[in-house]
């Protein structure tokens, strides 16, 4: 029997309705949630992601500012613009779309964003707060993954969770969230020996490597929840994840589709973080 789908589009629709309702309340108090999105260069994937984020803001009643810059933009110019946005009371969240051109140090840029406006949750102070279980903002993709697990009331406490991919954006914060929810967590990376030995033991398997279909069906435990964070374009133009969906769906109990799984949830949790930043700003 095929796995049940963890439908990110359906859950996003429900959550965005709640976000829009809360945004209307805070806007009525004179604080309209505002998000500034900065994109440097003309990376086609970045352009698509940015357009989707701006449209999502408009759909829930947020004020959004899209700031596109040429790839030649200097690092100091970008830092100066971030400083201006940090001081702008109409902006509650600042997002710098990654990747940045090679001449710009992404770490320096991300740490220039005021922590209270760091709605991506990448600032070192927010990462540290997450580590000790007191997050200001949870990184959007792991946050969305946790919401998907919550939506099926999955019993995380005591479960064996395996994360393939150890990035600061997904793997590490995902591990912290699952650990805090009571799971026993293993993080695998490119140096991990016998990856299948670990993945086949996972009740919850989260894959975020950027490698198309690298996790095959025979690497998955029967009945596992499989969350595929990857989105890759194949030579024929089709999109696929980091998991071989067609094989995995006959082994897993639950699985996220690609597209339509984690992707829409990432944007939805960006909206949630921006809303919460605005709600905090509205309090006297």
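Every residue, even glycine, has its Cβ placed from backbone N, Cα and C.
Quantities reported herein were computed from a predicted structural model and do not represent experimental measurements.
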Swiss-Prot NADP(+) site partner of 165, 166, 167, 231, selected from 151, 190, 216: 190
For residue 231 (NADP(+) binding site): DSSP state (helix, strand, coil): coil
Collapsed DSSP category at residue 167 (NADP(+) binding site): coil
In three-state DSSP terms, the structure that residue 190 (NADP(+) binding site) belongs to: coil
